[in-house]
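So TrEMBL says this about it:
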DOMAIN    B:4-261  domain 'Heme-copper oxidase subunit III family profile'
TRANSMEM  B:16-35  transmembrane segment
TRANSMEM  B:41-58  transmembrane segment
TRANSMEM  B:79-102  transmembrane segment
TRANSMEM  B:129-147  transmembrane segment
TRANSMEM  B:159-177  transmembrane segment
TRANSMEM  B:197-220  transmembrane segment
TRANSMEM  B:240-260  transmembrane segment
Amino acid sequence: LRQISQRTISTASRRQLENRVPEKQKLFQEDNGLPVYLKGGAMDGLLYRVTMGLTVFGTGYVLYELMVASMPKKQK
Amino acid sequence: MAHQAHSYHMVDPSPWPIFGAAAALLTTSGLIMWFHYSSSMLLALGLLSMLLVMLQWWRDVIRESTFQGHHTPTVQKGLRYGMILFITSEAFFFLGFFWAFFHSSLVPTPELGGQWPPMGVKPLNPMEVPLLNTAILLASGVTVTWAHHSITEGNRKQAIHALTLTVLLGLYFTALQAMEYHEAPFSIADSVYGSTFFVATGFHGLHVIIGSSFLTVCLLRLIKFHFTSDHHFGFEAAAWYWHFVDVIWLFLYMTIYWWGS
């Protein structure tokens, strides 16, 4: 049974079980002046812009709804 | 290049605090729009932005610690104080709901029939699913401690097994509780009994979900080799939170489920 459970893993999936922390350490310690929230690559910038878009739009919308809720509702 | 002459972490400027504050604004305003104007868009926007901020902020903390090495023993000490203070504040949060329960159950009003449980309320049998849930959470406390010992002893395989078991037990608890909620013969609207029961157990359930998520993130980090045998504070914080959730359940079980039935 032990021989079956210790089957060889193919090279592609073996990379996923290896320690990739040293690579990450090199990437995030690179002297490129980038702040930590953008230092990981292009995806960081995209996520940042999406988050900013949602919160800025949302804040504006809250202020709009607040204005609407403060106005008297015209009855006919 | 300038180097610091102290062991503290001066973080890079970050947008997450202000975006987090905006997300809180959207979520609270969204709740109002949902309660009073039957519109759920703002609430959805708020919850989504809250999720995005949490993901990115905590991702950055992992980058600053595991990848950039900023978490010196001094920094770690501060984080320990922080987590302890946070859990203490949560304990006070639950204390309020226990106060409410005892206020109503020790002196039941005439409207309830002068008794507890109130007239017409059939409480859940504490010796059935609630007892199983107690056993599940106690067992998960054992498995998370096993995981911790495995980490400090450098036993990677056992640590992964023990932490996986802990997460599975947490999910099992949540599934059983969800089923109990669905099958309960009383609802939140059934007098102060329903209010105290569902608000107290409901907030506890939310904390179980939060704790399970925290442990799952730790499991992923454990698999990715982020923890060393003497530096794994993220895991310790998750384990402390999980023990806290377990203790709250024990109090809930003894008071609301058992004494209150």
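Cβ from N, Cα, C; glycine included.
For the listed features, I'd like the structural context: burial, neighbours, distances.
Outside the transmembrane segment (B:41-58) by six or more residues, the chain places 14, 16, 19-20, 22-31, 33-34, 217 with a CB less than 8 A from a CB of the stretch.
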Where else in the chain does the transmembrane segment (B:197-220) make close Cβ contacts, counting only residues six or more beyond its ends and a cut-off under 8 Å?
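Result: 58, 90, 93-94, 97-98, 100-101, 144, 160, 163-164, 166-167, 170-171, 173-174, 177, 181, 186-188, 234-235, 237-238, 241-242, 245, 248-249, 252, 256.
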Ranking B:16-35, B:129-147, B:240-260 by the number of C-beta pairs under 8 Å to the transmembrane segment (B:79-102), which range is first?
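Counting Cβ pairs under 8 Å, the winner is B:240-260.
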Please average pLDDT over the domain 'Heme-copper oxidase subunit III family profile' (B:4-261) for the predicted structure.
97
